[in-house]
Amino acid sequence: MSSDLTQTLAAVTDPQSGKPLPESGRLMGLDARDAVATVILAPGGPQDDPAALKRDVEAALSARADIERVRVIFEAPRGGQKPRPDAPGRQRAAKAPPARLIIAVGSGKGGVGKSTVAANLAAACAKAGLATGLMDADIYGPSAPRLFGLTKVPGLKKSDAGIEPVEAHGVKVVSMGFLVGERDPVVWRGPMVTGAVRQFMDDVNWGGLDVLIVDMPPGTGDVQLALAQGTPITGAVVVSTPQNLALDDAKKAMALFERTRIPVLGMVENMSYFICPHCGEGSEIFGRGGARAEAEHLGIPFLGEIPLHPALREASDRGELIVLKGGPVAQAFERAADAMLHAAQDAQRPAPEIVFED
Ligand SMILES: Nc1ncnc2c1ncn2[C@@H]1O[C@H](COP(=O)(O)OP(=O)(O)OP(=O)(O)O)[C@@H](O)[C@H]1O
């Protein structure tokens, strides 16, 4: 599909270089899903005419029978964050990122336990003594209020320092679920998604965290794009289950992160094997090691495997985090969190400078 789309864009001339768009070096991302095409373009120089380019891209792609909507996104110019329009008369100082490490937790599809894994990884970081936050960016189906036992939170408060996160189990939490009920239908349009995610990132009084875990919605690129614009994301963790179909979806999620320039730190396999709550014995009902093998095949680190255990679902439903309770599932989360933190720290380390001696 995407090489096909690239061909369609060959009819569009880049005003900056005069070349067909795919040959101009400005086409940074191109994807279509559910008849919506997303095109990411690098910023142009003085010769650029972004309005004309946007119009031409929209016209070329919407002429296709399989595309109903086209979304054109220009990347911010290098060397700084694109300034956001502020309230009149109010000067906004350049903001420091909310955390030293910002880690997105994503999955290719729903139901693989991504939110459960994100919440327990966050609590594991807090347990290890790190100042930790969890931003529930899964605005289509927020589950942080349930997982952290915060379903009765009546809304988010604002102070002079910004929107105040709610603290539970040692983690500072912000979720759209505090503003709308978990089951309330909300229709999100692209710009609203971007606005909500940016506001959670920029306007929450996170208070200088060590780690911010971002629970991403499955699929769609809206949130990935919104995150990638203007915040230095350390990397992404992709959660999968061992089945082949889930792994295929996980690969798509990785491709989406990479296209938005968020490096993939590694993969966590959830529901890897079943631990019998009665005898404590493990059985590999899905065939173990699928995600590890796939991660190795793709050349990305494998961060750990979390067993399928009824106690995990029960704890989650009660608003408790199993990682804080000890036992084999808690240990699995602690090991995965440790591997994730190491991978994130490595991703942040600058590449060594190679010095040639005369
Ligand atoms: N390892 C596990 N063992 C037992 N139950 C689990 C495990 N992981 C997740 N679950 C349960 O599976 C269900 C789905 O988990 P969760 O909501 O975290 O998935 P998700 O991928 O975030 O889904 P969605 O995108 O729909 O929110 C929940 O009921 C959760 O308690």
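For all residues, glycine too, the Cβ spot is worked out from N, Cα and C.
Database features, via TrEMBL:
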type: BINDING; residues: G108, K109, G110, G111, V112, G113, K114, S115; note: ATP binding site
type: COMPBIAS; residues: 1-16; note: compositional bias 'Polar residues'
type: REGION; residues: 1-26; note: region 'Disordered'
type: REGION; residues: 75-95; note: region 'Disordered'
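Everything TrEMBL records as a feature, shown here on the structure.
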{"residue": "G110", "record": "ATP binding site", "Cβ contacts under 8 Å, 6 or more apart": "G141, P218"}
{"residue": "G111", "record": "ATP binding site", "Cβ contacts under 8 Å, 6 or more apart": "none"}
{"residue": "V112", "record": "ATP binding site", "Cβ contacts under 8 Å, 6 or more apart": "V239, S240, T241, A246, N270, M271"}
{"residue": "G113", "record": "ATP binding site", "Cβ contacts under 8 Å, 6 or more apart": "V239, T241, N270, M271, I306"}
{"residue": "K114", "record": "ATP binding site", "Cβ contacts under 8 Å, 6 or more apart": "V105, G106, S107, D138, D215, M216, P218, V239, N270"}
{"residue": "S115", "record": "ATP binding site", "Cβ contacts under 8 Å, 6 or more apart": "D136, D138, S143, A144, L147, D215"}
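In this structure, G111 are the binding-site residues from G108, K109, G111 whose C-beta falls under 6 Å of some atom of ligand 1.
For the recorded ATP site, residues G108, K109, G110, G111, V112, G113, K114, S115 set the reference point as the centre of their Cβ atoms, and the other residues of that chain within 8 Å of it by Cβ are S107, P218, V239.
Long-range neighbours of the region 'Disordered' (1-26) within the same chain, counting only residues 6 or more positions beyond its ends whose Cβ lies under 8 Å from a Cβ of the stretch, are 32, 37, 39, 41-42, 44-45, 47-49, 52-53, 56-57, 60-61, 63-64.
The DSSP secondary structure for K109 (ATP binding site) is coil. A simple way to gauge crowding: the CB of G108 (ATP binding site) has 23 other CB atoms within 10 angstroms, across all the protein chains here. In the three-state DSSP classification, K114 (ATP binding site) falls within a helix. All protein chains included, K109 (ATP binding site) registers 17 other Cβ atoms within 10 Å of its own Cβ. Broken down with DSSP, the region 'Disordered' (1-26) shows 11 helix, 2 strand, 13 coil.
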